[in-house]
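Since the structure comes first, as structure tokens, the remarks are kept for the end.
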């Protein structure tokens with residue numbers, strides 16, 4: 001376990017909420033705080049939290065997931081503790097009246113399972129399973145009402161789940177019996193369906209509902225309204241009471257809400273009403289640019305890095321769905337790197353060719369991402385990579401053989417001449433050259449010295465043509481990394497008339 005810290009193990013920060021941390025002392029993955037499944041995953045059937053662990057020595061990315069299991073910690077609840085339902089005394093037995101659904105944020109057996117209603121000789125409760133597996137309670141009138149006998153009926157509707165222990169919630173339904181008007185409005189359709197693009201302009205009218213009433217006069221005047229829809233839906237749509245047209249009042253967002261179910265009520269002037277459902281499906285539009293998130297960059301990169309070494313890891317995100325959210329990544333083909341896809345939308349940049357700092361010392365690798373929309377949306381990010389020098393270049397002398405001519409009888413130290421010069425393609429200490437004689441006769445060693453830093457040759461003793469007409473030596477140039485180069489030096493001594501007959 002101590003090796004975890006040495007290998008640079010950490011949980012990757014991807015920009016979203018991190019619920020877990022890795023204890024490098026014992027290797028345990030722990031939660032930072034209590035996780036509320038309903039807050040994290042809402043009504044999703046399976047709640048899974050993903051995490052990524054990065055090992056930097058050697059660099060590798062691992063993926064893990066933790067499933068959050070539901071417990072029965074929420075009771076079914078109704079939006080209102082009391083509700084009023086007005087029904088005409090002429091309403092025919094068998095007429096159905098949709099009731100407010102209870103909400104239970106738990107899932108499975110812990111969610112809403114059963115409805116029960118207090119006994120009444122006039123009403124019975126029926127629960128329908130919709131296509132989305134949501135239970136819809138409805139009151140069915142089983143006996144004709146008589147306002148003169150009983151003007152108000154009070155029922156208690158109870159919703160229970162199947163958790164352990166069982167939890168429940170109740171609401172009181174007050175039914176007021178209306179007198180007179182014996183024909184309720186009738187919708188032309190029991191369900192209205194429409195599909196709209198998420199980029200539809202605010203103010204657009206997307207649907208019109210229509211109901212007719214067989215009565216005459218005020219009892220046939222129908223007005224439309226939403227029937228107890230969620231507040232956030234009420235801000236998104238407007239229903240014109242006179243025409244039944246539905247208008248969009250705020251911008252749609254497929255990624256936040258891709259389906260709306262609205263209950264519409266048609267009510268005449270006499271108080272009779274009927275209901276219909278409006279199902280609005282939102283079609284995704286390619287309106288999110290791919291996002292590139294750089295997870296880790298290994299820079300500088302030694303120029304002797306082996307092929308296939310990972311030098312950067314990044315992932316891409318696109319909030320659109322389907323082809324609009326499918327992202328393809330690429331880099332320029334003329335670079336010594338290639339992309340490898342690891343899992344999901346994670347990519348690694350690896351070396352594809354040998355690097356040479358002396359040819360290219362820095363790379364700006366542009367990563368490009370494009371989604372599958374039409375037209376495609378694109379984004380890019382730049383990885384700045386610096387190539388680290390390796391001592392792979394020996395010093396090189398400008399000439400293989402250097403020559404010089406010096407007159408005899410020079411005073412010691414009187415002559416200083418820059419004779420040899422070498423260059424090194426590396427940088428830093430790998431390019432610092434030290435000069436020395438590697439092959440020189442003792443007679444010449446007493447007359448000349450070589451400056452180890454500059455390569456300057458200095459005369460240290462008197463020169464005498466009659467004793468030596470020329471001198472030869474080998475000069476070695478060695479860099480800070482231990483590589484060396486060599487050159488020959490030949491010095492001719494010029495005669496001066498310093499001897500009498």
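Even glycines carry a Cβ here, placed using N, Cα and C.
Just so you know, TrEMBL annotations never went through curation; they're auto-generated.
The domain 'Cadherin' feature in TrEMBL is assigned to 19-78, 79-187, 188-292, 301-397, 398-501.
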Statement: Secondary structure split (DSSP) over the domain 'Cadherin' (398-501) reads 8 helix, 46 strand, 50 coil
Task: Calculate the per-residue pLDDT averaged over the domain 'Cadherin' (19-78) and state the result as an integer.
output: 76
- prompt: If you run through the domain 'Cadherin' (188-292) with DSSP, how many residues end up as helix, strand and coil?
  reply: 10 helix, 48 strand, 47 coil
